[in-house]
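Below: the structure, in structure tokens.
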Number of protein chains: 4
Amino acid sequence: MENGDSNEGASAFHMPEWMIQFADQKQEFNKRPTKIGRRSLSRSISQSSTDSYSSAASYTDSSDDETSPRDKQQKNSKGNSDFCVKNIKQAEFGRREIEIAEQEMPALMALRKRAQGEKPLAGAKIVGCTHITAQTAVLMETLGALGAQCRWAACNIYSTLNEVAAALAESGFPVFAWKGESEDDFWWCIDRCVNVEGWQPNMILDDGGDLTHWIYKKYPNMFKKIKGIVEESVTGVHRLYQLSKAGKLCVPAMNVNDSVTKQKFDNLYCCRESILDGLKRTTDMMFGGKQVVVCGYGEVGKGCCAALKAMGSIVYVTEIDPICALQACMDGFRLVKLNEVIRQVDIVITCTGNKNVVTREHLDRMKNSCIVCNMGHSNTEIDVASLRTPELTWERVRSQVDHVIWPDGKRIVLLAEGRLLNLSCSTVPTFVLSITATTQALALIELYNAPEGRYKQDVYLLPKKMDEYVASLHLPTFDAHLTELTDEQAKYLGLNKNGPFKPNYYRY
Amino acid sequence: MENGDSNEGASAFHMPEWMIQFADQKQEFNKRPTKIGRRSLSRSISQSSTDSYSSAASYTDSSDDETSPRDKQQKNSKGNSDFCVKNIKQAEFGRREIEIAEQEMPALMALRKRAQGEKPLAGAKIVGCTHITAQTAVLMETLGALGAQCRWAACNIYSTLNEVAAALAESGFPVFAWKGESEDDFWWCIDRCVNVEGWQPNMILDDGGDLTHWIYKKYPNMFKKIKGIVEESVTGVHRLYQLSKAGKLCVPAMNVNDSVTKQKFDNLYCCRESILDGLKRTTDMMFGGKQVVVCGYGEVGKGCCAALKAMGSIVYVTEIDPICALQACMDGFRLVKLNEVIRQVDIVITCTGNKNVVTREHLDRMKNSCIVCNMGHSNTEIDVASLRTPELTWERVRSQVDHVIWPDGKRIVLLAEGRLLNLSCSTVPTFVLSITATTQALALIELYNAPEGRYKQDVYLLPKKMDEYVASLHLPTFDAHLTELTDEQAKYLGLNKNGPFKPNYYRY
Amino acid sequence: MENGDSNEGASAFHMPEWMIQFADQKQEFNKRPTKIGRRSLSRSISQSSTDSYSSAASYTDSSDDETSPRDKQQKNSKGNSDFCVKNIKQAEFGRREIEIAEQEMPALMALRKRAQGEKPLAGAKIVGCTHITAQTAVLMETLGALGAQCRWAACNIYSTLNEVAAALAESGFPVFAWKGESEDDFWWCIDRCVNVEGWQPNMILDDGGDLTHWIYKKYPNMFKKIKGIVEESVTGVHRLYQLSKAGKLCVPAMNVNDSVTKQKFDNLYCCRESILDGLKRTTDMMFGGKQVVVCGYGEVGKGCCAALKAMGSIVYVTEIDPICALQACMDGFRLVKLNEVIRQVDIVITCTGNKNVVTREHLDRMKNSCIVCNMGHSNTEIDVASLRTPELTWERVRSQVDHVIWPDGKRIVLLAEGRLLNLSCSTVPTFVLSITATTQALALIELYNAPEGRYKQDVYLLPKKMDEYVASLHLPTFDAHLTELTDEQAKYLGLNKNGPFKPNYYRY
Amino acid sequence: MENGDSNEGASAFHMPEWMIQFADQKQEFNKRPTKIGRRSLSRSISQSSTDSYSSAASYTDSSDDETSPRDKQQKNSKGNSDFCVKNIKQAEFGRREIEIAEQEMPALMALRKRAQGEKPLAGAKIVGCTHITAQTAVLMETLGALGAQCRWAACNIYSTLNEVAAALAESGFPVFAWKGESEDDFWWCIDRCVNVEGWQPNMILDDGGDLTHWIYKKYPNMFKKIKGIVEESVTGVHRLYQLSKAGKLCVPAMNVNDSVTKQKFDNLYCCRESILDGLKRTTDMMFGGKQVVVCGYGEVGKGCCAALKAMGSIVYVTEIDPICALQACMDGFRLVKLNEVIRQVDIVITCTGNKNVVTREHLDRMKNSCIVCNMGHSNTEIDVASLRTPELTWERVRSQVDHVIWPDGKRIVLLAEGRLLNLSCSTVPTFVLSITATTQALALIELYNAPEGRYKQDVYLLPKKMDEYVASLHLPTFDAHLTELTDEQAKYLGLNKNGPFKPNYYRY
């Protein structure tokens, strides 16, 4: 769910400081939902679990019912009570959202059909910890259709769509999640997924690593039966590499974060759209003619720049890497240092994965009404803390929009308090979620069915052929028709007609 | 010099058939300069040596003087006669071309300045075999400025700019090359570079592998003193990997073809411009509103599609790889099979690296005046041979432009007889050549100065830091200002402030 | 506020003295009332008054207070009660919105400064009937700063921002407007503006023609003192031309709808942004790879097509006019009949100003999940009525989003029930409103200060010089620096150095 | 043939009977002669006649034959000798070029078919003076097919394609033109067209006004039989307006220069392509990353900016008109004064129609290697004369490319000596020529067939319906399918189903 070019991936790569700190530092539970910061494996609550996550659909979130779900006795229409959600009666609303999502996730629906006969997950007992959304529900129900039994908790205390959780519970999925969990609720829900009589998971699907951490800490013996972990987040993947490095990873793990489909599509194409959406929803600004500086020209920066240029903005780019810098030049962007343009720009967007890219000094020099936001990694890029000084006045003008006012009346428009704009202020297209969910499903199938010895106690990337398969499942959405190699052509190229079609280092 | 996504690179990758055939097949010397085909190491003349290569500048190519340069006695103004060029008197014209090129190759000029004091190539004796152009001259004179002695032959019997060769000879470089060499001349020139009293090369700079091949065949003992080979072409690199695989590579070799700067800039950005230039110069067509199908969506295809879309063409794409196919979709191109659109398109462009992508059947179904050309690899993509049948009439309407006429009067406009359009019908921007030449210079410096044991008898890719350095040398051209990491940021990211900034698998 | 291509002619005035100077030329009534739906002056409620109009800001709209504002006794802090708004206590919230808008309407703020000394509207008594938004408030307060007295009602029963109305009332403006007026309220508010003891308007600013209509009907004698009408809407302008044609227009009127700044900027540039915003906010769809058909390639269609193409959609265009059709071709769009693509497209957008462009037959043939929306004129373009049949089920899935479900389960996603997407589902950028408001202010100044006889009882267009002046006032927003002609150049071109720079028929 | 924004007004005719029908409306002489340099009718040689004009095809221009065509005795294969061309034996080559052009001028070919039966030009005796190219030949042979007799001279002493002239002569057209005429030859050829026993023209087709001027001067009585003049150039049109103003225009004239199809397509779309082509062919530069300033944002400037931005250049714009300036801003270009960027840009392009836009002072401040060229009107925009000073050295480095060298070694790259880049250094796409030629043919038909009194001794614009007809004839090239209005829709819009579809002032 995080943007930014991660420095993780191949196990050969050294870990940067901000990752290494994870294991060493303790962080207080932060009541204000932020999306980041350093985190300790030993701290009490997951950082990622406090991400907020916007959704267009939440019909029934009346806050009238203040009873904790943990204190309620609820049953679904079949009398089953092995779940804990906000209100089982909202199931119908949730089912509608799931049905809408199904229409936009044809890859998973195709997977249901293709793998229906053989039930490749027959016998699989999957425990999952992810955002609970309509899209996740489509994934869960697909896993079910493939033969798996699932138990699920939320990876984030705010992101659960209660209606969807209710719909899943109504359908018989043991779901333990609601919007606005406390820290204690969070771990209680996770525990309810794994600590259950007569059922022991043999697969883990995690997003952030909290579930994996919990099992490591509380039920290490469970790993004896677990065939593998599938992890989707930058943070969770990092934790796995740490475990591996430390020799403590006791099952194979699949890093689905670094698959090409996720990296290129999630970062480049998704950000190309969400930067516009995020800025519009928060500020209603017109893009035409605006001067914008985009810090960082990785995939995220490339997407932001392409979109803004296309809409008539004048875009400047900052970079530290000369290769990306040269790409920016060839793509038609002036490459500058932030200081050179900070006085003149209307918008500052960070996409670096770095920290303190926008400093108080920069903020002091921006012109009145300058908009500042972050599309990169976590909330470190803009030094928001430096704005919490007595001489500056903060004024919340809209949800996710603060005016920070200087003594001379100058206002800076800070979006999402420096957290990720696209997660906070726009929606994530179902299409992108579909790619990720399909990848997760395939990774589970692969790990579950892999013959003894194919995977060791290490972190693996998805085989390229699977990336290609995920892509191919999404082509029908676009009525796209793939060409097949003739036998003669395949021989000429030295390729198998079914792929993989590129060497592993191919850059796309 | 070839476009197309090569399948070479990491030594781990298997070789496709069309490469493997190199070593096993014998090919007749082809009098008609083509740009490709299978080639045998044992055949008498280099395939690549017959590439033709367009140049805007050739002032003095009067064919009045038919005497072979080998039969002439020429001396430069200092009385030196250790060279063989068409006409030493053309030196002044060539010098002007070199001076113009210098203005557009600031990276090499910067290299001259930066490395001037220490002469990193002092003692280097470099034998080179490349196209002899103004840009190559800037490279050679840069190597000289860095301390090297050079001897040079042409890698292609047609591509030498006689004036430039004369200018180099006048400046004291032993150059053996002219436009229109015979096969025998070709090898004679190479031999004159290496077989010289009292001088033995210790470095090889090759483009196509012919020079390397010659030394292997004739002077294998020379390798004892050779510190390394720098090779720039797809074909030459392939030969090196074959040697390595066969255990016959006896010195380290540097593959500069697969560096990111070359791949991304040469293929994507260069083709983005040369597709337009090549089509305009040959056909004067208007791009607006034309329907175009581009076969292949690798870097070359991406460049062609972007340019044509930008100029108002309606572009369809064909692909075999679902990931590239999905990229095409997200970039706004209809993904089709060639058959679906072949009747309606105005232009067919191949960029696949594959063979028989456009078959006679396709050609039969094209509409009148359809333009067919190749931007991919070699001349295999369009089945031109299938058009050499009695019922079709060929009419050469302009240089590089044939009308192939069907019995019913339908005409197909075939460009460059199916060879590479951008090499045949447009010019290669100096900027791209500058990137390649700088990379070659750095590779030579690296191999020459590497401590014992750093490189073994294998094929190496340029270290990422060098790629980054090449890129950084080209930024001043764009008045581009790179941002430097603070110490704190470098620590946070776990990076050295001077790079490399990305893991090796980074896709850019 | 309506999109669509409208009527404009040519005329050439001078600027007012305090600005430059005006000529007195007359604009003939334009006989061709194209693109305007016919409507009756005698109908009971304004059609435009029922358009709803989205706004990002409405903090305090708790529906707790159900008392009609007409029944409340409210006073502002100075004891004044000559207004009728929802809740005067919301003034502070509204003031903040006004202040934000001021920052984005630099042209009006500049006008305040430039004309401050001479008060060009001193003595003006302006009655206005427009949307009551923060931007309107900036206009009203500008008129006040220029010397005018104003009384204001809303031109739409839904669009009033109550906080803004409160802020205006608090500042002493007699404002009669609230969100959710009844039809009776609507006319009551208008009447309260004009029917007041000891105050008689001498200028009218209207949007839709309802205010003008009311005065014609109820207080025709008032026109004796009225110096002119400024009208901004297509509909209102049409009414004025009708009056003029019928010989019933008894004062000069200024048509500000057809100025080039409004037409080109409002339609082309604004729609370029609002089509994306409207689609995202309603459907969260991803644009990349989607197939879209845009009906109509006027300014609105051009804007929609440009934006969607830029975001990676594949766009088809339908047109009736061969010139616009050829433009679409040259811009890279396939020109089709709707029938040819209706089965395959993901989105249908109408921008024609025509009626029944999308018929039930088309709707029947669309694929599942196809999105249908209107960016053109009013709600005639899609035959929504044809969907109100018993076999189809309507399901409201979100605000402004209906699923229309066919018996076989196929769903069509209908946005805003076929009304204007950008007014209903996105916000209008302040920048565009600024252009319109500035034009209105200048038109009022011109009419108010025009010497006897310059304007007769007819409908006039803004002089080109004023269009240029409005544009020039907006350039500082972009830090744009205009070049001035030298005397020699002006003479060469036969132009005045201060403009106008183009003949009236110039197309831009 | 000149770019630049010109004069157009409004009028509304009907189509000719064989097509549709015409109205008889009159167009007032437009008093504002903007953007046209003043030139004297009495000067000795046409300015436009010295423009050179590049062509891709000239196979047989060996300069071996130095005999003046006037001194040769030549006959075509039928024994006819009423022509004067370089070499009648080149006819076959020319015929091939004409056949190629026919394939790209479907509108004229369609006209031949549609009007074949009735021969709308039967009895017409047309004397023409235009560029003699393959496209002109298609026009002439179309006029012949429609019943006209033609005699033709060249409007430019350099632009004649000798092979094409030969082919026309071989086909029986009395053509008097060759490449490289002297001034005396130029007028002699024109005279041979009109001063002929037993044949008197009744229609004039002129490009630049020289033919018209010659008849005025030498054979004023000829106008008694002449039904009208069709003029295509800015300059020629200006001359006609001058004659009209002076009361000396004695026949109706049709201004085809200012039709919307010519203005929008020739200027915007054609320049969008030719700016790239002209720069590439002269300099081989890479566009990506280059900084460019474009002076003027009319149609020509808009085309140049769009193309260069699309190819990755960073584009700045200068403007004098605030409306065009605001368009530049909204389109994403920084609006600057030339001085602000002159030191940093790589390319300067003028598109203003003005004079001395680039002065010596600017040239002095440009950086080394800056490219300077003109896409606007004639050769006034760059003050080239100011560079003819002793301290500057001129070096012709390629055809149409001069290096101007400052004492400190700085070089400016001046293209086409400041004349129009696209005419000098690129080719004009046949498609654009097709639009113009079709318009000319229709204008001739209209004037020739107009009933007495429809046209007076004045200058007329093409009726919009004819513009629409020209456009519609070009749609099949793009396989574009126009939508027809239903009766109900036409009624709703108040339009005739066959057009015209827009009011005269519509901006497109």
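Cβ coordinates are placed from backbone N, Cα and C, and glycine is handled just like the others.
All annotation found in TrEMBL is predicted automatically rather than curated by experts.
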Annotated companion of A:GLY298, A:GLU299, A:VAL300, A:GLY301, A:LYS302, A:GLY303, A:GLU319 at the NAD(+) site, TrEMBL, chosen from A:ASN202, A:ASN221, A:ASN422: A:ASN422
Residue from A:GLY298, A:GLY301, A:GLY303, A:GLU319, A:ASN422 whose C-alpha is spatially nearest that of A:THR133 (substrate binding site), among the binding-site residues: A:ASN422
Residue among the binding-site residues A:GLY298, A:GLY301, A:GLY303 whose Cβ has the most other Cβ atoms within 10 Å: A:GLY301
Spatial neighbour of A:GLU319 (NAD(+) binding site) that is closest, considering only the binding-site residues A:ASP207, A:GLU232, A:LYS262 and their CA atoms: A:LYS262
Residue pair A:GLY298 (NAD(+) binding site), A:GLU232 (substrate binding site) - Cα distance, angstrom, rounded: 20
In sequence order, the binding-site residues (A:ASP207, A:GLU232, A:LYS262, A:ASP266) whose C-alpha falls within 10 A of A:VAL300 (NAD(+) binding site): A:ASP266
Where A:GLY298 (NAD(+) binding site) falls in three-state DSSP terms: coil
Chain B contacts among the binding-site residues A:GLY301, A:GLY303, A:GLU319 (Cβ under 8 Å): A:GLU319
DSSP state at A:GLU319 (NAD(+) binding site), helix/strand/coil: coil
Whole-number Å value for how far A:LYS262 (substrate binding site) lies from A:LYS302 (NAD(+) binding site) (Cα to Cα): 15
Neighbour tally for A:LYS302 (NAD(+) binding site), based on other Cβ positions within 10 Å of its Cβ: 25
Cα-proximity to A:ASN422 (NAD(+) binding site), 10 Å cut-off, over binding-site residues A:ASP207, A:GLU232, A:LYS262, A:ASP266: none
Pairwise CA distance, A:ASP207 (substrate binding site) versus A:GLU299 (NAD(+) binding site), rounded so that it is a whole Å: 22
For the domain 'S-adenosyl-L-homocysteine hydrolase NAD binding' (A:267-428), mean pLDDT (0 to 100): 95
Rounded Cα separation (Å) that holds between A:GLY303 (NAD(+) binding site) and A:LYS262 (substrate binding site): 14
Inter-residue Cα distance where the pair is A:GLY301 (NAD(+) binding site) and A:ASP266 (substrate binding site), in Å: 12
Farthest-apart CA atoms of A:GLY298, A:GLU299, A:VAL300, A:GLY301, A:LYS302, A:GLY303, A:GLU319, A:ASN422, residues recorded for NAD(+), distance in Å: 21
